[in-house]
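Worksheet: the structure to be examined is printed underneath.
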Amino acid sequence: MEQTLVILKPSAVIRGLMGEVISRFEKKGLIIAGMKMVQLDDKILAEHYAHLVSRPFFPSLKKSMMVSPVVVMCIRGVDAVAVVRAMTGATNSRKAEPGTIRGDYSMSGQQNIIHASDSVENAEIELARFFDKSEIFDFKPAMLDYLYADDEI
Ligand code: IDP
Ligand code: MG
């Protein structure tokens, strides 16, 4: 199964939306294989958002990601990267479809509740950035036999 990185941003933590968002992933049938609260800093954000460091909004983005701790999650499932991106919705929450996390909980292009890895390759890099191997757990959820047909996993 694939694994992907989700970050519950300060906009989720401070607004009290952590449970709502985590619950969506659980109800979908995704497996939460790792989860912890961390305070991000300049160094890790410059790495994580390396593709955006030259953009004018980068200082504001960085600040917004450090105003509170965040929750980092490793989410596992068949096609987890694409499934979680679809659940996340468009970057600008005002354009995100209703029914997506950003579409339902945010009005902002920046304070948009969660980060989700955008490819299998980036998911691997990002998970290694935020988690030690020992913090990602391989266990069998009780409902696994009812989440997928035998030939899907
Ligand atoms: P993504 O989070 O949907 O993958 P990226 O383009 O990777 O979008 O941007 C990372 C984060 O940077 C976004 O989630 C958002 O918080 C912020 N961001 C992206 N574009 C803008 C912008 O034009 N203005 C302000 N913030 C932005
Ligand atoms: Mg991105």
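The backbone N, Cα and C atoms fix where each Cβ goes, and this holds for glycine too.
Features reported for this protein in TrEMBL:
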| type | residues | note |
| --- | --- | --- |
| DOMAIN | 1-138 | domain 'Nucleoside diphosphate kinase-like' |
| BINDING | Lys9, Phe57, Arg85, Thr91, Arg102, Asn112 | ATP binding site |
| ACT_SITE | His115 | active site, pros-phosphohistidine intermediate |
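Here the features listed in TrEMBL are painted onto the structure.
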residue : record           : DSSP (3 states)
Lys9    : ATP binding site : coil
Phe57   : ATP binding site : coil
Arg85   : ATP binding site : helix
Thr91   : ATP binding site : coil
Arg102  : ATP binding site : helix
Asn112  : ATP binding site : coil
Distance from Lys9 (ATP binding site) back to His115 (active site, pros-phosphohistidine intermediate), taken between C-alpha atoms, in Å: 7
Contacting binding-site residues for ligand 1, chosen from Lys9, Arg85, Arg102 when the Cβ sits under 6 angstroms of any of its atoms: none
Secondary structure content, the domain 'Nucleoside diphosphate kinase-like' (1-138) (per DSSP, counts of residues): 62 helix, 28 strand, 48 coil
For ATP: widest Cα to Cα gap among Lys9, Phe57, Arg85, Thr91, Arg102, Asn112 in Å: 22
Residue, out of the binding-site residues Thr91, Asn112, whose Cβ gathers the largest set of other Cβ atoms within 10 Å: Asn112
Which of Lys9, Arg85, Arg102, His115, all recorded positions, has a Cβ with the fewest other Cβ atoms inside 10 Å: Arg85
Cβ atoms near Phe57 (ATP binding site) (within 10 Å, other residues, all chains): 11
